[in-house]
Structure formats: structure tokens, C-alpha cells
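**Q** Quick one: this structure, given as C-alpha cells, is what I'll be asking you about.
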Amino acid sequence: GKEIPGQASLVFDVVLLDLHNPKDGVAIENQLVPESCERRSQTGDFLRYHYNGTLLDGTLFDSSYSRNRTYDTYVGKGYVIAGMDEGLLGVCTGEKRRIIIPPHLGYGEEGRGKIPGSAVLVFDIHVVDFHNPSDSVSITVHYKPSNCTVLSKKGDYLKYHYNASLLDGTLLDSTHSLGKTYNIVLGSGQVVLGMDMGLQDMCVGERRTVVIPPHLGYGEDGVEGEVPGSAVLVFDIELLELVSGLPEGYMFVWNGEVSPNLFEEIDQNHDGEVLLEEFSEYIKTQVETGKGKLAPGFDFEKIVKNMFTNQDRDGNGKVTAEEFKLKDQEAKEEHDEL
């Protein structure tokens, strides 16, 4: 045409940006594989990972580090481009690898955003943790006393120390730094479900590590400023004290025989009606003298008020002899009162 004369010699200055073959698959270069790798990711797992995404010439087009949060996704399920879906399989927690993805397994001929069409993509990833939605709590016992006959159960009052961290070792919280134990009633919902499970069947002096998947921990939302969303939690626990709880459904039990004239004893002024103050004073005396026991770990006033309310069947603030019933009497009548 007009721009190139006939018989002209042509000179092209070329910069090769990238190249691939339509037959290329995903290329993986392992940069760091932890020595301890008990499990590798598989289809259906949920991964949290950091990444830098570049073109083959090193041009950065995206980075999770710049957003200061991991990228979280299921793998092998089509939630990410095909090449990344494949490249994230078989990784260990803490692993670093480079994943090179040809365009037909990436964003194709069209590209996307800062990614030009037909571009080869390079992702340098760091796996923070992963879990499977079917995972339960994992418990590893490090030390168990030789005398280990009394085991923790639902309703027991526990005092324990813990260090809480993420799977990569990032420390989240520690009772040791606070200089006091953490105290709960087991199975009462005072801690996440995974911790309630992890503290079961433990004896005083025992040390164990409890690994809790997010669906048994703080879930997808996490705790703002403290626990990342969808994070797997690691608790190193030492149980220091155990106070046995009461049978399920009970707030108060007798340590000995129950007086046949119980209502009359509670009704201090013998007017045929028991007020909350009379009821509270009587229960307090039984506990202090060792004749009865309240469910440990709960506020005394709340327990007594709850017990009184259950006996006050007409809700008038007074309990009569006709209303007053013990737990075993309730069971016979198929009621669920205290």
C-alpha cells in the first residue's frame, strides 16, 4: 500500500510479552512446602490464601496483600477460574507455590479488567489454612495425669488456661497474658460449640490441643478486629479445676434426705405463702451448711429466681403449698419444672 513501498526491507523491534500453546496445562512450581503436612487440600475444601497475580513479564494486576485480607473460596467447585481451581488442589497449610495458568484456563481471549486478552497468568500464593465443611473438632492430647478418673461433662464448672492461635501460628488470645483462668459451665453455650466439644472428657491437669473449624467456631464473619472470617482456630488448653455439675435439668440438688416438712421450713412466718426473699434465704442456708448444692458457675440470684418462678405457677409472686413440688414429683406428673 501507500505506507510500505515495494521491495522495502522491514525492521521490527519486538518485545515478547508471553507465549503459550493451546495444549498447555497449569504449571506448578513449589517454593515452600512445610515439613509437617498432615493433610493436603482436595475437592470441596474451603481455602484461605494470599496471592500476588502478575503477567509473565512481571506486571502486577492484583494482590490480596494490598487489601489486607485473604482470598477465601471452595476449591474444585468452579468458584474460581479453572486453572486456579486446579492449582489449589494438593496444597498444605503454610505452603507457598507459583501457579502459571495459560489463557484458556484463565480469562481467555477477552481478558478481564487489568488482564489483557490471551494473557498467561502467574499467581504466587501462600495458603493460610483450609478445612472441609464436614470436618469436626480435632483433639490431640499431650499430657494426661495417671490418676484420671473424673472426666469433664456437660454441666461441670471448669477453670482452664488457653492459648488461641490461627493455623499459621498467629496468636489471637491467651489467658496466661491476662494472669487469670477462663471459667465456664461446660455445654451451656458460654463458648463456641467447638470449644464445648473440645473440653469434653478432660481431667484436671490434662493438656490438649483442640483444632476448631470455622463452622464450629466463629463462622464466616469471625470477630471484627480479632478473628478473621472462616478461620480455623487452634486452642492449647490446660484444665486446672473441675467442679462437678448437677444432673441435666436440675439447678439445685439435696446432698442428703429431703425434709418431709420442706414447705413449712421454707415458710418462715407460717402464713401458708412463700415469698422470693424467704425462698432465697432458705436455699442460701442449705448451700452454706452443705445440705444442698446449686449448679456451679451460675449467678446465685438468677438461679434462685428461676427456681422460684418455676414454682410460682400462677405468677402472683407467692408460692403456696399446693403449687410447691419437687423435681421427682414433677417427673411423675410429666412436667418439666425445677
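Positions of Cβ are set from backbone N, Cα and C atoms, glycine also.
For reference, TrEMBL lists these features for the protein:
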type	residues	note
DOMAIN	44-131	domain 'PPIase FKBP-type'
DOMAIN	155-243	domain 'PPIase FKBP-type'
DOMAIN	254-289	domain 'EF-hand'
DOMAIN	299-334	domain 'EF-hand'
REGION	311-338	region 'Disordered'
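So where do these features actually land, and what's packed around them?
**A** The DSSP breakdown of the domain 'PPIase FKBP-type' (44-131) into helical (H, G, I), extended (E, B) and coil residues amounts to 12 helix, 37 strand, 39 coil.
Note on the domain 'EF-hand' (254-289): residues 300-301, 304-305, 307-308, 311, 317-321, 324, 326 of its chain, located 6 or more positions outside it, place their CB under 8 angstroms from a CB of the stretch.
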